[in-house]
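Have a look at the structure below before the remarks.
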Amino acid sequence: MSIEVTVEIPKGSRNKYEIDHETGKVYLDRYLFTPMAYPLDYGYIDHTLGEDGDPLDALVILPESVFPAVVVKSRIIGVFKMTDEAGGDDKLLSVLDDPRYDHIQDISDVSDFLKDEIEHFFVHYKDLEKGKHVDGSGWGDKAEAEKIHAEAIDRYKA
């Protein structure tokens, strides 16, 4: 399933950017309190609504980071399931929709190291921020991720 991810934060950044959905302006929300950087390009999927009331979050595996506000066509391959102080905050994992990535079709095709890196980042990136917390509950496969995506589309339309 092909999706479009609007990247807010490039891989390797400690800047937490947010795009204003009404104006399209990119704002610096904060500089991460922890000495950690985003493990992959990170953004959201338009016309979806996650359990936290924001568009569904997504990470993209690609060979080179892009700039904030760039839209990347990618394929859903899995989901990191988590909650934070605002409730459910799942992160879809996707891969660049490019034939050079045809060998990655499901979460089982992603290295354990990369999954561990992503999980560690999201479980700990808010550790030094008062009143914030994250609980990770593991990985889901492509089918589960696509179901979460479909539910987020329905939630947006409701």
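Even glycines carry a Cβ here, placed using N, Cα and C.
Site annotation (Swiss-Prot): Mg(2+) 1 is bound by Asp52, Asp57, and the candidate from Asp20, Asp29, Asp89, Asp97 recorded at this site is Asp89. In terms of Cα distance, the recorded positions that sit within 10 Å of Lys16 (substrate binding site) are Glu8, chosen from Glu8, Asp52, Asp57, Asp84, Asp89.
Geometry remark: Tyr125 (substrate binding site) versus Glu8 (Mg(2+) 2 binding site), CA distance 16 Å. According to DSSP, Tyr125 (substrate binding site) is assigned to coil rather than to any helix or strand.
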